[in-house]
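Listed in Swiss-Prot:
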- Ser184: pyruvic acid (Ser) (MOD_RES)
- Ser184: active site, schiff-base intermediate with substrate (ACT_SITE)
Amino acid sequence: MLCNLIHNIHKEGYIIIMISFLLSCIGFAISCSLGIIFLVASLLCIYFFRDPIRIVPEGDHLIISPADGIILNIEQVNSPIDNSTQVLCISIFLNVLNVHVNRIPVSGTIKATEYIPGRFISASLNKSSELNERQRIVIESNVSHHTIIVDQIAGLIARRIVCNAYEGQNVNSGERFGIIRFGSRVNIYLPLNIHISAFKGQTVIGGETILAYLEDYPHKQLTAKFI
């Protein structure tokens, strides 16, 4: 049971959780109430850094949600890497209670990664997409070689973005590529000529919820995998 618990916690949380448990032990040595406070904090850290297994729909034509949260906006904007190109931006807001592990939205190849320094205003605000610290990955899909862009965006509390993806890496939809600590936002930029199934206000699950289809989806049968 302990092994399963550790397996379902993201490695970025190990040190923080160990420190919080150590503080709870010290707290109990000082007073019961102080120990309880640190113990509750430890349990909250475990909850925050949880990394549950997901049932990922399989198919190179699928665009899967890269994060848990709620869709704030779906709008046509200029591409963040090419102002002359219009793309569709789906913005997902993650509150502190959401799973913060981020997943690859489409099978393909990582063409570029970029760290962009910035501010730490509330991730629920649209201007955070342009002003806040963020980490970008650019994916070329296996189907039709579409360009899909994912931005991990820091929020008011989130000050730590982790991205393990690297240029030239072959990736599969649903696999983990990073995490953003505490409240944050993830933007995914898609080509206009695809079939959108997501809608504003929708609650999405990273690695499970289908946001869009790259091709004639009604003629393709879906299967799933556990990741």
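A Cβ is built for glycine as well, from the same backbone N, Cα and C atoms used for every other residue.
Model, not experiment: these values are computed from the prediction.
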Cβ neighbour count (within 10 Å, all chains shown) around the residue listed as 'pyruvic acid (Ser)': 31
Ser184 (pyruvic acid (Ser)) - helix vs strand vs coil (DSSP): strand
